[in-house]
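Presented below is the structure to which this report refers.
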Amino acid sequence: MEGTLDEENLVFETTKGIKPIKSFDDMGMNDKVLRGVYDYGYKKPSEIQQRALVPILKGRDVIAQAQSGTGKTSMIAISVCQIVNISSRKVQVLVLSPSRELASQTEKTIQAIGAHTNIQAHACIGGKSIGEDIKKLERGVHAVSGTPGRVYDMIKRGSLQTKAVKLLVLDESDEMLSKGLKDQIYDVYRALPHDIQVCLISATLPQEILEMTEKFMTDPVRILVKPDELTLEGIKQYYVDVDKEEWKFDTLCDLYGRLTINQAIIFCNTRQKVDWLTEKMRSSNFIVSSMHGDKRQKERDDIMNQFRSFKSRVLIASDVWARGIDVQTVSHVINYDIPNNPELYIHRIGRAGRFGREGVAINFVKSSDMKDLKDIERHYGTKIREMPADLV
């Protein structure tokens, strides 16, 4: 079923007095940044950009929430390009992300939108040479996009100077502030100036995360979507009833023969399942690539580049790929396994239908998974229908 909302009718729980700005031209950006925005392919700001960009540019702390695929990463990049003082080669913005892939994507987006400004951004992520990080930081960069562990390591070494940092962005903050990364976030935060501007940007913001923001945000502007309104425009959602786990593979092969797939991502719940399914598909003469967190960074980068450049059309992945990766040609997302919790669902299926394009999400469901499917429907206030036999 298509998402119950279109972007024009999203209802935002927005701080009083924050009005949408319908044109980038009216946001007070300098001409070089504005040119970069239009060159990047935007014609008008998305709903979340209309509300969040100006408060960020005015120096307010901001909590911004919108569904996946509405330009949150670009919103970060635009803010970074506008805020930094290009004449000073000191780090002025830190963007922290939960995965290496998202941190790299953010760095690339900053460089693309800031192409006319001479902005220098660098991705500080694990899996790459510490020596290269140190050299790049010592030469001077305006913005750092990274994972918390590597960023804090660079701060401790003295290679990343924080005195000039004026903006901290926590991207996918629900994941960032979860149990695994919370302490690292606080380590970085304590090394920053006391008057630091903080922005949290995410597709989901559970109540306990919002409560935690009180510790390091001052009178934040809130731009929020209610959980029961957080459905996805332009994505048709279906399930396929499979009686047994071993029948999923045959079902997947059948879909290959029926559907017109531009590009697809197939999600599994474990790295072991990703490897098993990849081998099974290849042994049946299907051309697929795979991605999970155990792969070396260079291999992950190569796989990403092949998928982005359309050299690879089908990717089998674990949830390392579920957050924040902009591949705008993905037409289908297949949940070979139903995600372990409802909040992962929106991140997975948000890979299809990016920026208003139509997409299809198909969920393989055993009888024991039906409760989880119903939980997802309740969580997002949506209906996932059984896939019709004539879907092409």
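Just so it is clear, glycine is given a Cβ too, placed from its N, Cα and C backbone atoms.
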Correct range for motif 'DEAD box' (source Swiss-Prot, candidates 147-150, 171-174, 339-342): 171-174
Motif 'Q motif' range according to Swiss-Prot, out of 22-50, 283-311: 22-50
Outside the motif 'DEAD box' (171-174), six or more residues from its ends: residues with CB under 8 Å to it: 72-73, 76, 95-98, 102, 106, 200-206, 209, 323-324, 343
Cβ atoms near Gly71 (ATP binding site) (within 10 Å, other residues, all chains): 22
Other C-beta atoms that fall within 10 angstroms of the C-beta of Lys72 (ATP binding site): 25
Greatest C-beta neighbour count within 10 angstroms, which of the recorded positions Thr73, Ser87: Thr73
